[in-house]
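The structure that follows is given in the form of structure tokens.
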Amino acid sequence: MKRDERWEGVYSFEDSPFIMEILTELRDESTGPIAFRKGLVKLGRYMAYEITKTMATEKVPIRTPLEETEGIIVKDRRNVVIITVLRAAIPLMEGLIKVFEHARVGIVSASRGKAPKFEIEMKYVKVPRIKAEDTVIIADPMIATGSTLIKVLDEVKKYGNAKRYVVVGVLAAPEGITRIKEAHPDVEMFVAAIDRELNDHGYILPGLGDAGDRAFGEPIRFEDGAPGGI
């Protein structure tokens with residue numbers, strides 16, 4: 001894990017060969033939905049392990065079968081709220097919760113409109129009460145323009161003031177990171193890799209395509225109303 005010097009509190013895992021191997025499989029257009037979902041779960045899990053290194057720890061007395069000694073617990077691991085941005089973040093959240101098994105979970109449905117406005121529509125928000133000792137982790141695989149996460153952070157912060165706000169993603173574009181840090185300077189960001197740029201349609205380059213579609217299949221879009229005149 002390394003800090004990106006362009007921003008405060010932004011970290012990538014481009015120095016981790018294992019995480020880069022998982023990311024390579026996710027980028028490959030020949031990777032099918034099953035392997036893609038499994039890759040997102042693995043990334044969530046291993047990135048969660050790394051995030052625990054930034055959390056407060058506490059020494060505790062314990063007794064082994066042979067003698068008394070001292071152990072360590074990751075104290076902050078017990079005060080985590082994971083916010084899942086539907087639908088692409090579901091496998092990523094599954095990996096995170098394997099490490100943060102005490103976490104309370106919130107669900108947000110937010111979708112980004114088409115270029116050039118990229119307007120964000122939020123249709124569903126279920127967030128638990130946030131406490132002062134909490135670390136709030138927002139899982140969203142693709143951090144492109146940053147518009148979705150800015151809107152989600154605006155909403156989540158209404159539910160209480162947390163100790164930390166952390167974004168976990170697979171890929172991020174520099175444009176999106178800059179916008180998020182300008183809107184929410186207190187937010188830390190952990191991503192597998194920071195890619196080159198966005199294209200005119202708001203997709204990350206070189207990227208990996210639409211994470212939701214690749215994980216769950218491309219949805220049917222009825223441009224002229226519901227099927228069969230329903």
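Including glycine, each Cβ sits where the backbone N, Cα and C put it.
If you look up Swiss-Prot, you'll see K38, G39, L40, V41, K42 marked as GTP binding site. As annotated by Swiss-Prot, 5-phospho-alpha-D-ribose 1-diphosphate binding site applies to R87, R112, D140, P141, M142, I143, A144, T145, G146, S147, T148, D210. According to Swiss-Prot, the feature uracil binding site maps to I204, G209, D210, A211.
How buried are the listed features, and what sits near them?
Within 10 Å of the Cβ of G39 (GTP binding site) there are 26 other Cβ atoms, across all protein chains.
Just so you know, the Cβ of T148 (5-phospho-alpha-D-ribose 1-diphosphate binding site) picks up 24 other Cβ atoms within 10 Å once every protein chain is counted.
Secondary structure at I204 (uracil binding site), as computed by DSSP, is strand. The Cβ of I204 (uracil binding site) has 26 neighbouring Cβ atoms from other residues within 10 Å, across all protein chains displayed.
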Take the C-alpha atoms of G146 (5-phospho-alpha-D-ribose 1-diphosphate binding site) and K38 (GTP binding site) and report the distance between them in angstrom, rounded.
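Checking the Cα atoms of G146 (5-phospho-alpha-D-ribose 1-diphosphate binding site) and K38 (GTP binding site) gives a distance of 25 Å.
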Which residues in the same chain, at least 6 apart in sequence, have a Cβ under 8 Å from the Cβ of K42 (GTP binding site)?
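K42 (GTP binding site) has long-range Cβ partners I22, G95.
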Count, for each of the binding-site residues K38, R87, the other C-beta atoms lying within 10 angstroms of its own C-beta, and report the residue with the smallest count.
R87
Near G209 (uracil binding site), meaning Cα within 10 Å, which of K38, G39, L40, V41, R87, T148 (binding-site residues)?
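Of K38, G39, L40, V41, R87, T148, within range: none.
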